[in-house]
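Colleague: Okay, handing you the structure first.
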Amino acid sequence: MLPGDPNLQLTLSGLERRLIGEGSHRHLSSTIQIQVPPQSFPLQSCKLVMIERLPSGVFADPFELDHLFHHGAYAGIGVFGDTNLELPSVSSNRSAVEIHMNFEHNISSGAMSELGIRIDLPLHARYAPLHESGYSEVAFGMPDLLVNCSMEGGSEMRSCLIVPSHDSNRLRTDVVWKIPCGIMSHTNVVSVVTFATAFVSTLVIVFASVLYPKPR
Amino acid sequence: MTARAIMNLRSILIASAVFRLVLILYGEWQDAHMEVRYTDVDYLVFSDAASLMASGSSPYKRTTYRYSPLLAFLLIPNSFLHRAWGKFIFSASDLLVGYFIYKILKQRKVAEDLCLYSVMVWLLNPFTFTIGTRGNCEPIVCAMILWILICLMNGKIIQAAVWYGLVVHFRIYPIIYALPIIVVLDPRYVQLGKKPLLVNWKSNTQKPSSQSSEEASTRYNLWTAAKSMFSRERILFGLVSGGIFFLCTGLFFHLYKWEFLNEALLYHLTRADPRHNFSIYFYHIYLHYGHQLSLVEKLISFLPQSMVQLVLISSFAQDLPFCFFLQTVAFVAFNKVITAQYFVWFFCLLPLILPWSDMKLRWEGLSCVGLWMGAQLHWLLWGYLLEFRGQNVFLQLWMASLVFLLANAAVMAVFIRRQGCSPIFLQMKVRDAKGGVKSE
């Protein structure tokens, strides 16, 4: 439902994004601040809906998110797109995660308020395409943010969905994940040495079998 | 069994059961209160598949469920009884393996204390008791394989064949035991309707026990087996086990169509995972991912495995438990994908061969353990740096997998060197071509 009050303009006053952790399993942390102008009617509660369009090369585990949801980490969660957990990124498609979070404070009418929330999304790296540098870079874009507020107007409860406008000077959204990857120039030596080692191990076992068994 | 023996085996089994119960309860607590689960992620897959089956849907609607529908069927009570039902089943199978180890060794007259130590090698192995309590289904497979050995030792060929067909349907890898079983079902040693004569264990300090004068002095080889390949026992075993396998496959194909075939069978036959694992082939597969491997490359990766299996069968088929053990170690070590749960496949066979080994714990035994564990820990160190520190150590990790394969080969060579390879069966009187009985 679109807001009936044209003065209801929420502003995204701060968005800070960070990748927390090391290695192939990290958390994408998003700290969001939204300014709420004075309202004619008090806002009962507000919920944030964040749609994170994941770049190719990372994925969210729907079963892990479901486990976290049941532990109360989110008000709602859903994963869309390619949820195959096993494929490398060359064979997989992108996915998106929709997260619902409740803002903690009720907002009264007649005063400028600020809503703040932090969302942690566990992510995992897929096996990246080969690159001579040994690392593949995956960049995260800006998430889509929607705020769903319920408000009292007379005897009715109404809800509205707002896309906050943003002040780009206060947004820190550059997040890049460097994922280790295989190096093409290793191919020949890896193939040769792999098969040579398999051959040597075979010889060890064959010689042991032929030379040593002694029936009792 | 003597009263003292019953009490000791019983005590070990009861203590192991209590410990596993505690671990299951602890696992439930950890899952409910901590972010990091105790339960294996595979168990969640089994449970989800089971509840889909309970609601009349295909278990293969659960992504990454790659097992027989029988497993999901076994876990249906997870949905209406308790989610830990499956863990109890797996841990009970784990205890059953311990009991079967005792039964097999006792049947071959192994000394009581050695029997109990061998049982403890399985039941007190940390790997063993965590695998069942975390919800991994491998103990069921291990129990089935040991039961097949027991059936063969008691001359119950048809029963062995039924269970063998079932276990190959359940988990494809036991297909590697087909040839040694066929080899050992020589009518000179195993005859339909008769209990075969077992070669008993002899300690190094005992005088040779009085055995039949027809004790096997000639060695099996594949040529000997080929000459009498089409015996009644072998044909029956092949027909019954093959029949059971195709019956199960046909039934579940009828129910679940190509999803079942692709996920439960074909996936395992063609699996080549580019993600890091203990196998020496992982980095080769990753570097070639997306490119078709040439026929030569496919053959080269297939040859070591098949050559080792054939040589082991040819050399050790008469000592069936030892042959199974070596084949399984080799199968896992040369496989294109190796995960830690595969180790339990040969851990359950290790206690069956220890009474025949001349290897002393100090220091040869401990060296083997140290070498194998050390190679594994070395790999895990590089794996940790790659996966949890994000360092590009692919080359080092791959080299660690080479070291692990070489360590496996070295340990196998030591076991072979130290094993008093002992045929499992004694020669019996055989039927002549007209059905009469004669001595060899």
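Positions of Cβ are set from backbone N, Cα and C atoms, glycine also.
So TrEMBL lists the following for this protein:
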TRANSMEM  B:12-29  transmembrane segment
TRANSMEM  B:84-102  transmembrane segment
TRANSMEM  B:114-132  transmembrane segment
TRANSMEM  B:144-166  transmembrane segment
TRANSMEM  B:235-258  transmembrane segment
TRANSMEM  B:340-356  transmembrane segment
TRANSMEM  B:363-385  transmembrane segment
TRANSMEM  B:397-416  transmembrane segment
Colleague: So which of B:144-166, B:363-385, B:397-416 has the most C-beta pairs under 8 Å when paired with the transmembrane segment (B:235-258)?
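Modeller: Stretch with the highest Cβ contact count: B:144-166.
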Colleague: Between the transmembrane segment (B:12-29) and the stretches B:84-102, B:114-132, B:340-356, B:363-385, B:397-416, work out which stretch tops the count of Cβ pairs under 8 Å.
Modeller: B:84-102
Colleague: Which residues of the chain, 6 or more past the ends of the transmembrane segment (B:397-416), have a CB below 8 A from one of its CBs?
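Modeller: Same-chain residues near the transmembrane segment (B:397-416) but 6 or more away: 276-280, 282-283, 325-326, 329-330, 332-334, 353, 357, 359, 364, 368, 371-372, 374-376, 378-379, 381-383, 386.
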Colleague: Which residues, given as numbers and ranges, are at least 6 beyond the ends of the transmembrane segment (B:340-356) yet have a Cβ under 8 Å from it?
Modeller: 42, 97, 101, 104-105, 110-111, 114-115, 117-119, 121-122, 125, 127-128, 131, 136, 138-139, 141-142, 145-146, 149, 173, 201, 278, 319, 321-322, 324-325, 328-329, 331-332, 415, 419-422
